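Notes to accompany the following structure.
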Amino acid sequence: MKAVIFAYHDMGCQGVQAVLDAGYEIAAIFTHADNPAENTFFGSVSRQAAELGIPVYAPDNVNHPIWVDRIAELAPDIIFSFYYRNLLSEEILHLAPAGAFNLHGSLLPAYRGRAPLNWVLVNGESETGVTLHRMVKRADAGEIVASQRVAIAQDDVALTLHHKLCQAARQLLNSILPTMKCGDIPSVPQRESDSTYYGRRRPEDGLIDWHKPVSTVHNLVRAVAAPWPGAFSYNGSQKFTIWSSRMCPDAQGALPGSVISVSPLRVACADGALEIITGQAGDDITVQGSQLAQTLGLVAGARLNRPPATSGKRRIRVLILGVNGFIGNHLTERLLNEENYEVYGMDIGSNAISRFLLHPRFHFVEGDISIHSEWIEYHVKKCDVVLPLVAIATPIEYTRNPLRVFELDFEENLRIIRYCVKYRKRVVFPSTSEVYGMCTDASFDEDKSNLIVGPVNKPRWIYSVSKQLLDRVIWAYGEKEGLRFTLFRPFNWMGPRLDSLNAARIGSSRAITQLILNLVEGTPIKLIDGGQQKRCFTDIRDGIEALFRIIVNDGDRCDGKIINIGNPDNEASIQELATLLLDSFDKHPLRCHFPPFAGFQVVESRSYYGKGYQDVAHRKPSIDNARRCLGWEPSIAMRDTVEETLDFFLRSVDIAERAS
């Protein structure tokens, strides 16, 4: 049986040798060129392949059509991936008749994603393992062929566990590969309900929070011990790394981060103390704990701190147009929680951002983007990242005011995009899930799904096509003139400050706000065309975290990307949303201050939205791009979002005024 192998790291070396030992013919091996900035403590697949006389390649993009064609010419019967760092396209996965199979360093479906070796230690697990699974479009989600468990000892650190996993992988492959070679390939579906997903870890994730339990801090030390970058803290401006530690139960009443003693070197955590066995000050040599205390000048009672503010480094300036809107005000809060961001904003009102107006890193001007073009151009030039969030995005306005939707959503925003091109500024643009229109795919893929809208005489599509056209213009500017951009597509984000009850009174709001108004005023909840349309509702906190990671843009992985941001697990019909909202309303402590429930009322969309409206039966996102580029996974259940949104609006109502 002829195999093509994608491999890297020690696991890659183990996999290549196991495939050879099982009697497969290896037609070619694809690997990665080593990164000079990375600590390459592991074996070299390219060297191994060269010594074995096997053709080996390290393309920048193995999914490029040229490489897909070359792999097809190799005519593999089977494909293996052993710690290859890039996802393989469906075109490659379909080249091998027997299938494509990946070795993953956890017991799937737990710990899908990046760095499972480190994450299991961070989380204090007592067991992990390796899994061979069939590769499908979604990372780590295919049927399981075989797995092998590995016990995690209390004294295991990242490197010792790595060696255990390599040994387990070799045993697993030696056992299953001969069977697969004979055509007998076991297949057990993964239980999605048991799946967990983790993103990549960065060196800065090793920063210790002394307010955490001692077990959490100790597990972090274990998880990133050498040859990984290490867990670290600061004494003043001096950074130091902790390479090994042990837990002590008694913090002697000291505040978290306080040095309890210097010989041995012990530091208080939330519920105990961490004894530092070995560590390193800056780029100095590794020494034992008491010597580290001397090097750092530590004494009992000293307080360790978070990294000092770097006055020499300019903060990242973010321009948010539409800063008072739903996304804008929540994003502002997230950015201001980080020391290295400064926010400049414009909007026609300030009610939602009044809590930030005195913040020293928030600069607001009340104005209209269609009027204050000079201010906007100046601040595009001044800032680093631009988010043009101004848009008319309420469905009833698409049929009421289609020309105004086009003028604001397309024409005014196009001018801002051109400023970004002119001054070479990065733009993070809010596309919309509406661009998929009546797409028939089970889940909407940013890079493959067709964008399908209705006829011209249905003006409800003016918003969708305005956004889609601007998406295409931005993409073209990126391709032809080097514009740095990311398009993000929110899928039904919900939470506090979504629209207002006053907007709902004139029909100019999103669904949940309109439903809450019906409950507050004791009017029937209107179910448009029966309310069977399904949407995937996403908590604003989940959405904003993803958007924040797009702005951070770690490793420039979001450049030139389109990213859906939604929660596929929170799919529900509008009727189901209304029922859940009613249940939460009846349980709310303020329920007694509002009228009785007036029931549900089914209405036709034409009578509600007017002539020219069409609805969409379902709208579910694929979030593979978000997982891959952001290391992001939504986590907040729909019920929690509904309850928090309802609570916000009920507490905003003047109860005394209602009673009078």
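We number each residue from 1, going along the chain as drawn.
From the backbone N, Cα and C atoms, a Cβ is placed for every residue, glycine too.
Positions annotated as region 'Formyltransferase ArnAFT' by Swiss-Prot: 1-304. Here the region 'Formyltransferase ArnAFT' (1-304) has a mean pLDDT of 95 out of 100.
According to its DSSP assignment, His104 (active site, proton donor) is in a strand. The active site, proton donor feature in Swiss-Prot is assigned to His104 (among others); the stated evidence is similarity to another entry.
Annotated (6R)-10-formyltetrahydrofolate binding site per Swiss-Prot: Arg114, Val136, Lys137, Arg138, Ala139, Asp140, in sequence order, evidence recorded as similarity to another entry. For Ala139 ((6R)-10-formyltetrahydrofolate binding site), applying a Cβ distance below 8 Å and a minimum sequence separation of six or more within one chain yields Leu87, Arg112, Gly113, Asp624, Arg627, Arg628. Under the DSSP three-state reduction, Ala139 ((6R)-10-formyltetrahydrofolate binding site) is assigned to coil, being neither helix nor strand.
Annotation comment: Swiss-Prot describes Asp140 as site 'Raises pKa of active site His'. Within the same chain, residues at least 6 positions away in sequence whose Cβ sits under 8 Å from that of Asp140 ((6R)-10-formyltetrahydrofolate binding site) are Asn102, His104, Leu108, Pro109, Arg112, Gly113, His133.
Positions annotated as UDP-alpha-D-glucuronate binding site by Swiss-Prot: Ala393, Tyr398, 432-433, Arg460, Asn492, 526-535, Tyr613. According to its DSSP assignment, Gln532 (UDP-alpha-D-glucuronate binding site) is coil.
Residues annotated as active site, proton acceptor in Swiss-Prot, with similarity to another entry given as evidence: Glu434. Proximity of Glu434 (active site, proton acceptor) to non-local residues of its own chain (separation of 6 or more, Cβ distance below 8 Å) is seen for Tyr463, Ser464, Lys467, given in sequence order.
All protein chains considered, the CB of Arg619 (active site, proton donor) has 21 other CB atoms within 10 Å. Summarising the annotation, Swiss-Prot assigns active site, proton donor to Arg619 (among others) and lists similarity to another entry as the type of evidence.
Note on the binding-site residues Val136, Ala393: the fewest other CB atoms within 10 A surround the CB of Val136.
A straight line from the CA of Arg619 (active site, proton donor) to the CA of Asp529 (UDP-alpha-D-glucuronate binding site) spans 17 Å. Taken over all pairs of the listed (6R)-10-formyltetrahydrofolate-binding residues (Arg114, Val136, Lys137, Arg138, Ala139, Asp140), the Cα spread reaches a maximum of 17 Å, rounded to the nearest whole number. For the binding-site residues shown (Arg138, Lys526), fewest C-beta neighbours within 10 angstroms: Arg138. Per-site Cβ counts within 10 Å over the recorded positions His104, Arg114, Lys137, Arg535 peak at His104. When the C-alpha distances from Asp529 (UDP-alpha-D-glucuronate binding site) to the binding-site residues Arg114, Val136, Arg138 are tabulated, the minimum falls on Arg138. Gln532 (UDP-alpha-D-glucuronate binding site) sits 30 Å from Lys137 ((6R)-10-formyltetrahydrofolate binding site), counting Cα to Cα.
Take the binding-site residues Ser433, Gln532: by the count of other Cβ atoms within 10 Å of each Cβ, the lowest one is Gln532. Neighbour count (other Cβ atoms within 10 Å of the Cβ, all protein chains): 15 for Asp529 (UDP-alpha-D-glucuronate binding site).
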